[in-house]
2 protein chains.
Amino acid sequence: MSDFEINILGCGSALPTVKHYPTSQVVALREKMFMVDCGEGAQLQFRRQKLKFSRLNHIFISHLHGDHCFGLPGIISTLALLGRTGELVVHAHPDIEKIFGPILSYCSRDMPFQLRFNSLTPSVSEIIYEDRSMRVRTIPLRHRIPTCGFLFEEKPKSRHLIRDIVEFYKIPLKDRAQIRDGADYTTPEGKIIPNNILTREADKSYRYAYCSDTIYTEKIIPLIEGVDVLYHESTFANDNLLRAKETFHSTAIQAAEIARKANVGRLILGHYSARYLDNTIFLEEAISVFPNTILAQEGLVVPVSGK
Amino acid sequence: MSDFEINILGCGSALPTVKHYPTSQVVALREKMFMVDCGEGAQLQFRRQKLKFSRLNHIFISHLHGDHCFGLPGIISTLALLGRTGELVVHAHPDIEKIFGPILSYCSRDMPFQLRFNSLTPSVSEIIYEDRSMRVRTIPLRHRIPTCGFLFEEKPKSRHLIRDIVEFYKIPLKDRAQIRDGADYTTPEGKIIPNNILTREADKSYRYAYCSDTIYTEKIIPLIEGVDVLYHESTFANDNLLRAKETFHSTAIQAAEIARKANVGRLILGHYSARYLDNTIFLEEAISVFPNTILAQEGLVVPVSGK
């Protein structure tokens, strides 16, 4: 099991199909869970994948089309019924309060936890969440309404102490945290031991970019350059190139072009239009441009970190 | 296939489980479909059961707890995307407009059909829908918030003309509809032929009663007396009799008591609490009181009419 992974709860688009739920994912980084979009049925899929509601403290909504947010009242009510305490933060366009406020205040009158909306400005890239190990940044996208993707980046990790050397110099415990962060060590005799003698390279910090819904736009490339995993919508195959443009969506080939140009590690496709009964066409088209592509499907868990 | 049947889309209660969707059913009478309650995921189940969105013109909401109505924005948006025209009527407590108005007007700005809310007064039994062949009447229930069930009753059907007799008297076509409705026939010579010579008994008219959510209340019995099929919630088994009372829900045995006292044809249990991993206990307890009981489950189709 990777300690940074993506759980696909739903990867269909607006019309329901017998195969797909509307969009929702859970990004799990060690003990923390972040939900990205919350289409209808997200809480059912969340439970089905045996994820823990208690670990979910942040929900990120890319835009206010129903297939990305109609699951919110359900999951929020469930958290209330489960007696959750503390705070739940929903990061979304400010209109979210206007549209979900009445339903939430009516149906969850005695909410035992604090529900907080964090207003996003989807047109600019900004850091919207940060903790000790992770940072979430918005990725402005181009869709019919204000929309942004999300970049989940692990912060640089501590270097590893080389135990034998640390013991040889009898370095006190209190000094070791600084050394892990890159500091040199000065012995009581005043001799400076450079950090690279005392430590090994830190583990790699991984990055995941989520981009749905959007028309093909190369403007996102600088923001997602080199990420380990990119989820990019591919609502249509190449047979509907024009329709993709008209509806501000992408094709599988366009998603693969972005992946190739941004030099990402792996591409996940999703947000399939209901018109495609078999999604293999998306994979076939994408791998001709970017071979390391997989198809999202409900229940799939994709590792972001390398283990 | 029966021409009057119930399709169970969901029969769980408020907390999601891996086995059940929240409450929703479709009552189908020949070419017409009526949705009863619309929990989250109802539209997905609707599609999964290969029902036709175009035949759905009325949605009846028993009460405004989320597990009975959070699927509304999704199905309404889908109908809009499918380019539906005409009118969709949602029969519900008047507060529904307050809570769903903002989300619907935001997410379905250009709705190609007319969405009309028909306000119910759940505390009194009244006819809220009527067409040529069917009548829907509310059944006041006792729950924590205003709640009503629904009684679907076929109207009395026409009697069958006895072809040989009708031809013997050379009864003109224009007079036959009246005779089917019970009129006698007067020959050109002035002789009166009584209706029971000309016709056979009409087919039986069937009735289905839906009662969820409610505490045990015998007040509903006169309204559901003798129905062919009764759906009665059984959120709890007998081990949680007290909890049932506290939360204004029923046990399986209480549902069966109602079925027995109302002398119904068949009882369907549903709205199972998430605490029961296996629902067999509901059936075991209920059949000790009312043998002709079945457990609702997603995908089940229950005939109401006798064929």
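Here the Cβ of each residue, glycine as well, is placed from N, Cα and C on the backbone.
Annotations in TrEMBL come from automatic prediction, not curation.
According to TrEMBL, the protein carries these features:
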type	residues	note
BINDING	A:HIS63, A:HIS65, A:HIS143, A:ASP213	Zn(2+) 1 binding site
BINDING	A:ASP67, A:HIS68, A:ASP213, A:HIS271	Zn(2+) 2 binding site
ACT_SITE	A:ASP67	active site, proton acceptor
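On the structure: features taken from TrEMBL.
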residue: A:HIS63; record: Zn(2+) 1 binding site; DSSP (3 states): coil
residue: A:HIS68; record: Zn(2+) 2 binding site; DSSP (3 states): helix
residue: A:HIS143; record: Zn(2+) 1 binding site; DSSP (3 states): coil
residue: A:ASP213; record: Zn(2+) 1 binding site; DSSP (3 states): coil
residue: A:HIS271; record: Zn(2+) 2 binding site; DSSP (3 states): coil
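In sequence order, the binding-site residues near chain B (CB to CB under 8 A) are A:HIS65, out of A:HIS63, A:HIS65, A:HIS68, A:HIS143, A:ASP213, A:HIS271. Taking the centre of the Cβ atoms of A:ASP67, A:HIS68, A:ASP213, A:HIS271 as the Zn(2+) 2 site, the nearby residues of that chain (Cβ within 8 Å, site residues left out) are A:SER13, A:ALA14, A:PRO22, A:THR23, A:ASP37, A:GLY39, A:SER62, A:HIS63, A:HIS65, A:SER212, A:GLU233. Comparing the Cα of A:HIS271 (Zn(2+) 2 binding site) with the Cα of every entry in A:HIS63, A:HIS65, A:HIS143, A:ASP213, these being the binding-site residues, the smallest distance points to A:ASP213.
Most Cβ neighbours within 10 Å, among the binding-site residues A:HIS63, A:HIS68, A:HIS143: A:HIS68 holds that distinction in the structure as shown. Other residues of the same chain near the Zn(2+) 1 site, with their Cβ within 8 Å of the Cβ centroid of A:HIS63, A:HIS65, A:HIS143, A:ASP213, are A:SER62, A:LEU64, A:HIS68, A:LEU141, A:ARG144, A:ILE145, A:THR147, A:SER212, A:THR214, A:PHE248. Spacing of A:ASP67 (Zn(2+) 2 binding site) relative to A:ASP213 (Zn(2+) 1 binding site) is 11 Å (Cα to Cα, whole number). Across the fold, the C-alpha of A:ASP213 (Zn(2+) 1 binding site) and the C-alpha of A:HIS68 (Zn(2+) 2 binding site) stand 9 Å from each other. Of all Cβ atoms in the protein chains displayed, 23 besides its own lie within 10 Å of the Cβ of A:HIS65 (Zn(2+) 1 binding site).
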